[in-house]
Amino acid sequence: MSHFFADHDAPLSMLSVKTEYFPQLTDKEQKYAHFMSKASHAGSRVVMRQVSHESEPIFDLILAIHSKLNGKYPEDDITQKQQTGLYLEYVSQFLSNLGNFKSFGDTKFIPRCEVKFFKQLLELAKINPCSSPLTLSPVDVNHEFTSHHLFSTINELIDIGIYHVEEKAALLGFPSQGYTSAYYLGLPVTPEDMALLKEQLFAELAILPENTRINKVGENSFQIWVASENVKNQITETYPSGQITLSNAVTKVEFIFGDHSREMRLVASYLKEAQKFAANDTQKAMLQEYINHFVTGSSQAHKEAQKLWVKDISPVIETNIGFIETYREPSGIIGEFESLVAIQNKERTAKFSSLVNNAEEFISLLPWSKDYEKPIFNPPDFTSLEVLTFTGSGIPAGINIPNYDDVRLKIGFKNVSLGNILSAAAKSSSKHPPSFISQEDRPIFEKYQSDSFEVQVGIHELLGHGSGKLLTEFTDGFNFDKENPPLGLDGKPVSTYYKVGETWGSKFGQLAGPFEECRAEVIAMFLLTNKKILDIFGFHDVESQDKVIYAGYLQMARAGLLALEYWNPKTGKWGQPHMQARFSIMKTFMKHSTDKNFLKLEMNSTNDDFAIKLDKSLIKTAGHECVKDYLKHLHVYKCSGDVEQGSKYFIDRSTVTPDLASLRDIVLSKRLPRRQFIQSNSYIDDNNKVTLKEYDETPQGMLQSFLDREL
């Protein structure tokens, strides 16, 4: 039960751009950033509805308590002070994750404070515990599409929505298997349901499912809820009106428009304001497609916006918005709302530009034939950004988008590294020194961890996600020689490929996320030893290069062990794709290297802690060789669409063996709280100038930032 408790003593960081980066912008750029930021935050409730059915009513409750108490919580004695502190820690983590499931780990978390104390706060705030959660919600929300009504009283919301945990229901996954997912409503949705809808509805009608939710109204009857301001279907040329029957002649489906209608209207209205301050015609056209997408629900409009986004090269204010990453929806096809507004860091961007300019040379070093690479590498935009606003359940250190395979193939993609996230994430808290790093390794690890992480993120995003060609059949032919296919891992021509309409996500499903993250991470490990890349990042002498390499391999070994927290021993289920990937890489170091001394663990005398022992003299030989072998398998399986062998291989490599499973309790006992980020709010003052408001790095600062957003 204790592993479900909210983090205690978590570090909080203000994402500050107020003094260094924001003042460098012109008035026009500041206003563009302001309205894009408003559009971004306007989607916050959408994320909560996607995280869990209880997240949005919990949000309304904790903000109502804070407002009615004027931020003054009971602190009359030591017990009250302690309970208040524990309550605020829960609230801060909830707001940081935009829901009551960890964005990194996909498990529910509950307050450490007593239920009795939580209900005392209701009394102090004069909130009737027997009233409906609907009484706390904004009046213009269409509750047909929200979950407030699932809890008859606020007491029930607290008892069941906030505090109740069951081992399986506390994990995200298919409801039919006992897990939780707010992407689905009505009767429990099964993997077979989603496979059917994927193949016979979305693929056949060429409709992208990212901006939908699924309401199962009967055993063979579904409503597809489409996110749009419009509450009626205004795009009947691409989305059928009324109920249709799928090709199995049994299943009935109907598209229902107007999901998140209030939020989609707000997002679109702020985008219209941002249009007035766009830097160029490409940005204006991109914003118009975004507006079309959010108003009508057209998935194709979002794809058009992403094409224009890729063509908007190196903007001073970088933005992206939409239903983007599909990791958290159990079938891997519906996207979480996500939005980024950030300012380019020109000094850091120069490093990444140099990496881009040499990308073809570095890709040619990867261990496969040119048949598995695009014939021409279109150098993508790669910028380092300082985040002003990020709406989503969690903020990554780097992003490589768009995710549409055909756009990536025919037009390209962009890479962004989020500098202020990267710097904060790599910081060790003085209260929490890094676990499992030996005393002798700690000086190198603490000095070079951040530098090594920056290099890894650069390689991961550009050369990891940016490399490879999916062998694909199109309506007008193949993008490879069908009569003489590339050779597979067994030296024989491959027999699998992506048929018309198939994508990486649709073919590999739930495994696509962790598999691709793993491939990108392994490419980072493979190329981290490259002296030219290290030189680009400012490490010119052999000594500093070797320390960056060692810190990088040490960091990956540690991350793979920390990953055990995100693996459920009862279900065998992984809760986080990046951590499943990192575990498999650590396991590769330990169990698939030709020299068993490459990675070992040294237990302490009481068997309640251990230290990582990584032999730095073996990194460039046995270590690099096992990385190369793993990488070649992952890449060929992905590019050839060999879902059977590829899935079997990756599942085997990421399966937790009994000896490693035995370390999980130690990993949990040493678990460090995850850093939380507080974001500023922007305003236009009486002089028509944009001002930024920043907040204290405390739970109260986090709370106030959300209250000021008026969501």
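Here the Cβ of each residue, glycine as well, is placed from N, Cα and C on the backbone.
Database features (Swiss-Prot):
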ACT_SITE  Glu461  active site
BINDING   His460, His465, Glu517  Zn(2+) binding site
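Every protein chain shown contributes to the tally, and the Cβ of His465 (Zn(2+) binding site) ends up with 22 other Cβ atoms within 10 Å. Looking only at other Cβ atoms within 10 Å, the busiest spot among the recorded positions Glu461, Glu517 turns out to be Glu461. A C-beta separation below 8 Å, combined with a sequence spacing of at least six in one chain, links His460 (Zn(2+) binding site) to Gly398, Ala520, Glu521, Ile523, Ala524. Report note: the Zn(2+) site is defined by His460, His465, Glu517, and the residues of the same chain whose CB lies within 8 Å of the CB centroid of those residues, excluding them, are Gly398, Asn400, Glu461, Gly464, Glu516, Arg519, Ala520, Glu521, Ile523, Ala524. Straight-line distance linking the Cα atoms of Glu517 (Zn(2+) binding site) and Glu461 (active site), rounded to a whole number, equals 10 Å.
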